[in-house]
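Presented below is the structure to which this report refers.
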Amino acid sequence: MAVIPFFYVPKRVIVAIMLFMMCLINYMMRVNLSINIIAMVTERDENGTLVEQPDYGVRYDWTQQDQALLLGGYFYGYMITSLPGGTLAEMLGGRNVAGYSCLLGALLTALTPLAASWDKYAVFALRFLIGLVSGVVYPCCHNLVSKWSPPDEKGKFVASLMGGTFGTVITWPLCGLIIEGLGWVWAFYVVAAFVVVIVGLWFYLVSDTPAQHSSISIKEREYIENSLGGTLSKKAKWPPYRQLIVSMPFWALTLLHYGSMWGLFFLITATPKFLSEVLGFNLSSAGFLSSLPHIARLLAAFAFGSVADWIRNKGWWTLTFTRKFFCVPSHILPGIMLIILALCGRDPYVCVAIMTISLGFNGAATSTNLANSQDLAPNFAGTMYGIINCLGTTPGIFSPLIVAAFTEEKNTIDEWFWIFMIGAAAYILPAIFFWVFGSGKIQKWNEVQTTEPKEDVVNTKL
């Protein structure tokens with residue numbers, strides 16, 4: 001038997017790290033416009049007179065509706081390819097589909113300043129295309145998780161997909177500093193260059209399955225494959241769309257994911273504007289403070305994921321009960337915090353604290369909606385996530401339009417009351433539906449016979 005070097009790093013750990021980085025760069029391309037646009041547009045007072053602003057580069061006279069259109073442009077494209085993204089990953093391999101899509105997204109990101117000099121609709125077209133090529137990334141990542149993650153490490157593995165949250169964390173303050181130091185055009189160029197570097201590492205370090213990895217140890221490969229048992233097919237299969245459509249656990253997951261994405265995308269698209277224009281923070285401060293809720297979400301994601309894995313290893317709860325229990329921190333508590341924000345949010349730092357706590361609790365999504373597709377059908381985890389993420393992307397389109405509608409004539413904390421209340425309902429109602437109809441059992445339409453328990457699979461550790 002081959003000798004494993006003392007310093008051997010498990011390849012599944014490296015894959016998890018690269019999944020984290022792939023999600024990170026995906027979000028960097030997604031969210032950079034949210035803060036860059038503040039430095040790209042003119043501002044007018046109540047009389048329509050231009051307000052003097054810092055010189056960060058050329059500014060464009062785009063209305064609130066124009067800005068909402070541009071911020072939503074990414075999600076129009078993202079929604080289209082998110083749907084077939086999982087199927088593409090299952091048929092062509094998640095590594096190549098995700099890698100080449102991010103490479104193309106980097107090129108389009110670098111072209112954004114040129115598009116802005118042409119017309120706002122050119123920027124919209126570019127953002128649409130960036131979303132179009134990026135929509136496959138998360139379904140591809142879920143496909144790779146289903147191939148690389150032993151069941152008793154699922155929570156921590158899914159938490160690696162929170163790299164997108166860290167992408168938001170570093171992008172907003174980084175772009176704020178770049179804009180103040182070099183101008184807003186460089187905030188696009190730096191992001192694009194970083195994406196190219198990470199994609200190069202992705203192609204070098206990641207493979208679609210443990211069996212295809214060139215340097216994995218035999219012991220680790222056999223551990224992963226044996227732990228997955230008979231839940232995965234060795235051959236690509238066409239997804240069972242008919243069974244999906246009539247599956248109540250699937251629809252419960254879809255609504256749960258939608259609620260989580262509403263809260264997330266609302267904060268991604270609206271927080272910098274809220275902090276800068278309503279609470280009065282400067283651009284770099286707005287970028288830093290906007291990232292605090294996402295830092296909390298990232299840390300909580302790993303904490304909740306580890307706790308869920310620990311509970312599963314102990315065998316205390318069924319997987320179904322675990323998923324439903326963690327809806328309390330992932331959905332109910334964030335919704336309650338948004339209600340508190342709507343009723344009590346007057347002090348700027350109190351608002352930031354409440355928003356941070358709200359999104360922080362949502363980190364428990366690693367043990368609810370982000371993991372449940374792996375439970376229901378490991379063979380089609382990518383396809384399932386692609387479908388729920390397609391629908392879950394629509395809040396990225398709707399939330400900027402809702403914010404623009406409520407703040408068209410006046411933009412104060414009072415106009416944000418109903419915006420926060422809508423967000424609270426989007427969190428809480430899907431959780432209640434999931435409590436009734438959700439499940440953690442492998443569904444019959446997974447199409448693979450397994451001799452393992454339907455609810456919990458406990459493996460011998462490596």
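Cβ coordinates come from backbone N, Cα and C, glycine included.
Sequence annotations record features per position, and here TrEMBL assigns domain 'Major facilitator superfamily (MFS) profile' to 18-442.
Per TrEMBL, the feature transmembrane segment maps to 12-29 (among others).
According to TrEMBL, the transmembrane segment annotation covers 97-118 (among others).
Look at TrEMBL and you will find 124-145 (among others) tagged as transmembrane segment.
Taken from TrEMBL, the feature transmembrane segment applies to 157-179 (among others).
Taken from TrEMBL, the feature transmembrane segment covers 185-206 (among others).
Residues or ranges marked as transmembrane segment by TrEMBL: 244-268 (among others). Only residues 6 or more beyond the boundaries of the transmembrane segment (244-268), in the same chain, are considered here, and those with a CB under 8 A from a CB of the stretch are 30-31, 34, 75, 168, 290, 293-294, 327, 330-331, 334, 338, 355, 358-359, 362, 365, 368-370, 372-373, 376, 384, 387-389, 391-396, 399, 419, 423, 426-431, 433-434, 436-439, 441, 443, 445.
Annotation source TrEMBL lists transmembrane segment at 288-311 (among others).
Away from its own ends, the transmembrane segment (323-343) comes close to residues 256, 259-260, 263, 300, 304, 308, 317, 351, 354-355, 357-359, 361-365, 367-369, 371-372, 375, 416-418, 420-421, 423-428, 430-431, 434-435, 438-440 of its chain (Cβ-Cβ under 8 Å, at least six residues beyond either end). Positions annotated as transmembrane segment by TrEMBL: 323-343 (among others).
Here TrEMBL flags 349-371 (among others) as transmembrane segment. Tertiary neighbourhood of the transmembrane segment (349-371): same-chain residues 154-155, 158-159, 161-162, 165, 253, 256-257, 260, 263-264, 267, 271, 275, 279, 289, 292-305, 307-308, 322-323, 326-327, 329-331, 333-334, 337-338, 340-341, 388, 413, 427, 434, selected by CB-CB distance under 8 Å and a gap of 6+ residues from either end.
Taken from TrEMBL, the feature transmembrane segment applies to 383-404 (among others). Same-chain residues lying 6 or more positions outside the transmembrane segment (383-404) and placing a CB less than 8 Å from one of its CB atoms are 64-65, 67-69, 71-72, 74-76, 78-80, 82-87, 90, 135-136, 138-139, 142, 239, 244, 250, 253-254, 257-258, 260-262, 264-266, 268-270, 273, 369, 373, 376-377, 419, 422, 426.
Beyond the ends of the transmembrane segment (416-437), by six or more residues, the same chain brings 248-249, 251-253, 255-256, 258-260, 262-263, 266, 270, 274, 278, 323-324, 327-328, 330-332, 334-336, 338-339, 341-342, 345, 362, 368, 395, 402-403, 406-407 to within a C-beta distance below 8 angstroms of the stretch. Among the features that TrEMBL reports, transmembrane segment is placed at 416-437 (among others).
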Recorded stretch that, among 12-29, 157-179, 185-206, has the most CB pairs under 8 Å to the transmembrane segment (288-311):
157-179
Selected stretch (most C-beta pairs under 8 A with the transmembrane segment (12-29)) from 97-118, 124-145, 185-206:
185-206
What same-chain residues lie close to the transmembrane segment (157-179): Cβ under 8 Å, and 6 or more beyond its ends?
12, 16-17, 19-28, 30-32, 34-36, 39, 56, 138, 141-142, 145, 148-149, 186-187, 190-191, 268, 272, 283-288, 290-291, 294-295, 297-298, 301-302, 304-306, 363, 366-367, 370-371, 374
